[in-house]
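Trainee: Sharing the features that TrEMBL gives for it:
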- B:10-521: domain 'Cytochrome oxidase subunit I profile' (DOMAIN)
- B:30-49: transmembrane segment (TRANSMEM)
- B:69-91: transmembrane segment (TRANSMEM)
- B:191-218: transmembrane segment (TRANSMEM)
- B:238-262: transmembrane segment (TRANSMEM)
- B:274-295: transmembrane segment (TRANSMEM)
- B:307-332: transmembrane segment (TRANSMEM)
- B:344-366: transmembrane segment (TRANSMEM)
- B:386-407: transmembrane segment (TRANSMEM)
- B:419-441: transmembrane segment (TRANSMEM)
- B:461-483: transmembrane segment (TRANSMEM)
- B:553-571: transmembrane segment (TRANSMEM)
- B:577-595: transmembrane segment (TRANSMEM)
Amino acid sequence: MKGWMGKFKVLSLLSLVALFLSACGMENLTALDPKGYGAEKSLDLIILPTVIMLFVLLIVMVIFTIALVRFRKKKGQEDFVPKQVEGNKTLETVWTVIPIILIIIIAVPTIIYTFKLADETEAKDSLNVTVTGNQYWWHFNYEGQEIQTSQDLYIPVGQKVYLNMKSSDVIHSLWVPTLSGKMDVNPENENTLYIEAYEEGVYWGKCAELCGPSHSLMDFKIVVVSQEEFDQWVADLQNFDPETQPETQTAVDGRALFEENNCIACHAVGSSPVQVGPNLTNFGERSKLAGVEEMTKDKLIEWLLDPESIKPGNNMTGKYPELSEEDAALIADYLLQLKPSEITTEDAGN
Amino acid sequence: MSIATTQNKSFTAALWDYLTTVDHKKIGKLYIYAGGFFFLLGGLEALIIRIQLIQPENNFISAGLYNEMITMHGTTMIFLAAMPLLLGLMNAVMPLQIGARDVAFPFVNSLGFWLFLFGGIMLNVSWLTGAPDAGWTAYSPLSTQSPGHGVDYYVLGLQISGAGTLMGGINFLVTIVNMRAPGMTYMRMPLFTWTTFVVSVLILFAFPALTVGLFLLMFDRMFDAAFFDVTLGGNGIIWQHLFWIFGHPEVYILILPAFGVFSEIFATFSKKRLFGYTAMVFATILIAFLGFMVWAHHMFTVGMGPVANSIFAVATMAIAVPTGIKIFNWLLTLWGGSITINSAMLWSLAFIPSFTIGGMTGVMLATSVADYQYHDSYFVVAHFHYVIVGGVVFGILAGLHYWWPLIFRRVLNEKLGKLAFWTFFIGFHLTFFIQHFLGLMGMPRRYWVFLDEQGLDTGNLISTIGAFFMAFGVIVFLINAFYSWFKEEPSPQDPWGGRTLEWAVKSPTPYYNFKQLPLVRGLDPLWIEKTEGNGKMTPAEPVGDIHMPNGSIIPFIMSLGFFIAGFGFIYHNDTNLAYILLFGGMAIALGSMLARSLKDDLGYHISKEELEREAD
């Protein structure tokens with residue numbers, strides 16, 4: 001019968017399709033093309049057990065196939081009664097001992113790297129960033145640097161950067177697949193995760209713990225730049241004076257509206273520690289609007305008029321007086337010119 | 001009451017019969033009907049999820065509704081579909097396998113079913129006002145802060161149905177310890193009975209953890225307690241521990257009975273005794289024992305530290321050893337046999353590669369360092385569907401095909417059976433195999449939308465197409481069930497050449513099961529009589545009066561009382577009128593308990609004469 005043959009065809013076809021797709025995961029999002037220490041170690045420990053397990057699967061399938069082909073009931077032997085075997089000590093010992101050995105082979109590196117990835121001995125001498133997870137955005141406070149940003153985290157390449165993470169509301173989980181595995185961001189305690197990027201680039205970050213309706217829209221970026229560029233960026237942000245007059249008149253009017261509508265109560269511009277809503281210091285340099293949308297003036301106006309239509313369940317909706325389209329456009333002009341640094345995502349190599 | 005009159009009853013009489021029944025065979029059917037209904041409901045929810053994910057940034061359903069959909073899909077499938085369907089098979093088969101006339105506590109058995117059903121209905125009533133939306137795992141503080149009453153329904157619905165399951169577990173334990181036929185020693189029990197026994201122990205120890213967690217959640221949400229509220233000194237991570245101390249053994253509560261089913265089917269259709277029976281029994285016990293030691297592998301990313309992560313990683317990997325023993329024992333059961341392949345066997349054979357893949361990814365997930373990538377991504381979604389669909393659902397469907405003649409007195413149609421199998425099997429792999437890669441490509445689970453141009457489009461499309469294949473397979477199975485009922489002839493007593501005691505009872509099974517309890521002479525008692533005796537079980541006792549329990553409507557009313565009181569609890573903060581429901585419902589429930597306690601119900605006897613009259 002074609003039964004089991006069909007099954008194999010389907011399985012092998014699926015594997016081919018899957019392999020093809022695995023090569024196509026998007027660069028800087030996929031975990032299969034790591035560009036950071038954590039992701040690299042994870043991939044090593046994805047590959048080792050996969051290979052061992054595929055070997056086990058192969059053995060199982062070979063025995064399974066031979067058994068099905070050889071021992072199908074044959075025509076004319078309907079009354080054949082097979083020997084009633086109780087068991088076989090040798091065989092049973094073999095398939096108990098071999099898996100134990102295989103598991104030891106997997107367990108040893110697992111333990112070693114579990115400890116390595118949790119190692120915080122170098123934290124004191126490294127860049128530390130306090131990360132706060134919020135429904136549905138991320139806040140970054142560069143410890144001891146007087147820099148606060150949201151959504152885009154700039155870090156230098158080749159350095160260990162320690163993220164000390166806590167949530168302001170529900171549990172989130174910070175995941176940048178290409179740089180590192182994930183770590184939960186709890187309201188109860190501070191979790192530390194370190195990231196060491198090997199290559200410059202803009203890496204996609206995602207929230208991996210269900211946190212409400214807009215859980216799937218809580219994206220952020222890690223922008224990895226060279227050490228010099230990073231130092232420049234730090235200096236630029238530290239020197240940024242939120243009181244500086246914008247250059248265009250529309251932006252000046254926008255700023256007045258920004259203050260009039262009390263946006264400032266939640267959104268800080270500059271290094272103010274206010275973080276009810278995202279810090280807007282370098283808003284004009286953000287790679288995405290609200291984490292997921294194209295950073296255009298039209299989208300921003302749309303957001304200001306009705307944030308709910310873009311991020312359901314966000315905490316901004318209804319917290320400010322209704323805006324006219326003209327006012328929203330002026331505020332947008334103000335926000336989009338907030339570009340304190342020459343270093344942007346463009347400098348991250350892609 | 002003879003069989004002839006049973007068949008000529010009016011609809012209302014039949015309904016009353018099922019509402020009051022304490023017969024394990026009828027309760028088994030009720031579990032299968034109700035579990036089947038919830039399975040279809042959960043499947044519908046799954047289809048809606050997959051339609052939403054058919055293309056990037058899709059807008060088929062809203063974000064809030066999507067979260068309700070995933071929560072209800074998971075909760076329904078685990079608590080209201082998979083568990084009841086398995087409890088249905090256990091009820092229908094296990095007492096017959098050990099040569100018992102019923103379970104130890106027929107009244108409690110009925111109560112367990114009605115509590116489950118009312119709990120399940122309560123959970124689904126929430127669709128009218130907003131379903132729970134914090135995921136089936138209901139992690140706090142998302143669950144404690146979730147607005148509306150959705151999570152309240154989750155808490156009360158699971159609490160009520162969980163009480164029913166706990167009763168079922170205790171009942172099966174007592175039954176297997178006390179009611180085995182003469183000669184049916186522990187090491188002669190069929191594997192399905194063994195897994196029922198072990199699973200009952202798991203239920204007994206695991207469900208209380210869930211009960212405690214649900215009570216804490218209930219007090220936090222309804223009575224202003226702060227067990228999980230960090231701003232008031234509570235700690236929400238306690239919920240995660242409580243949930244997984246229940247939740248991980250729950251996985252084994254689901255899979256072990258399926259292992260039991262496969263063990264029966266492989267032996268029967270290979271015409272061979274189960275290879276390494278003793279090893280199989282001890283592997284089952286070992287899996288169950290280790291199952292309690294590994295809950296924190298669901299929490300590798302919570303920040304427990306490297307020591308805890310390493311211990312739980314290694315403990316989890318250890319489970320692969322007894323599971324591997326089982327796989328190889330099944331393979332060697334096939335080896336050297338005379339294999340018949342029919343629908344029941346197809347589902348069982350398909351289980352081997354499917355579940356082996358699920359087990360492989362299980363070991364991969366246990367590797368904590370790699371789990372930092374897998375965790376809460378589509379890789380995990382793929383893994384647990386391979387285990388739960390490829391293991392549990394295949395097991396349920398295999399078991400249903402195998403025991404359909406025993407339960408419904410029909411052999412299911414083979415052509416339809418094969419069509420259902422192949423579409424479901426292909427659809428299953430299409431849906432879930434690709435999800436391993438989606439996860440590694442950066443798609444987290446529980447995502448309402450995935451973004452355009454992130455390389456996730458094709459995989460999600462394939463996955464959705466697969467889901468429709470699975471739906472088609474399920475519909476064909478349903479057609480098969482009705483077709484066989486209306487078109488096929490009643491099946492013979494032992495259509496498969498069975499080896500175990502359930503095939504030794506007359507068809508249709510008399511309501512007292514065995515006129516005389518059988519004498520068991522070894523493992524596979526019926527097979528022994530077929531090969532060494534005259535093919536019939538030797539009676540272990542002379543024909544005598546049989547003591548039977550009376551039916552009772554009290555379990556139904558008691559469960560209804562808790563159901564009504566549940567609404568009172570949910571709405572007592574909104575309106576004082578809810579207190580009428582709360583106290584009214586509790587009065588009904590407690591009144592039923594009082595009535596049951598005060599009124600002696602000693603059952604009745606079927607006289608020896610009547611039994612002799614009915615014989616043959």
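Heads up, the Cβ atoms here are built off N, Cα and C, so glycines get one too.
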Trainee: Taking the transmembrane segment (B:238-262) as the reference, which of B:386-407, B:553-571, B:577-595 gives the largest number of Cβ pairs under 8 angstroms?
Mentor: B:386-407
Trainee: Taking a Cβ cut-off under 8 Å, which residues six or more beyond the ends of the transmembrane segment (B:419-441) line up next to it in the same chain?
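Mentor: Distant contacts of the transmembrane segment (B:419-441): 50, 343, 346-347, 350, 354, 357, 361, 373-374, 377-383, 385-386, 389-390, 397, 454-456, 459-460, 462-474, 476-477, 480.
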Trainee: So which residues does the transmembrane segment (B:577-595) touch in its own chain, when a touch means Cβ under 8 Å and the partner is 6 or more beyond its ends?
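Mentor: Same-chain residues near the transmembrane segment (B:577-595) but 6 or more away: 554, 557-558, 560-571.
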Trainee: Should anything in the same chain at least six residues away from the transmembrane segment (B:386-407) have a Cβ under 8 Å from its Cβ atoms, list it; otherwise answer none.
Mentor: 25, 28-29, 32, 77-78, 82, 85-86, 89, 92-93, 96, 251, 254-255, 257-259, 261-262, 264-265, 268, 342-345, 347-348, 350-351, 354-355, 357-359, 361-362, 417, 421, 424, 428, 432, 477, 484, 491-492, 495-496, 502-503, 507, 509
Trainee: Express the predicted model's confidence over the domain 'Cytochrome oxidase subunit I profile' (B:10-521) as a mean pLDDT, rounded to an integer.
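Mentor: Averaging the confidence scores along the domain 'Cytochrome oxidase subunit I profile' (B:10-521) gives 96.
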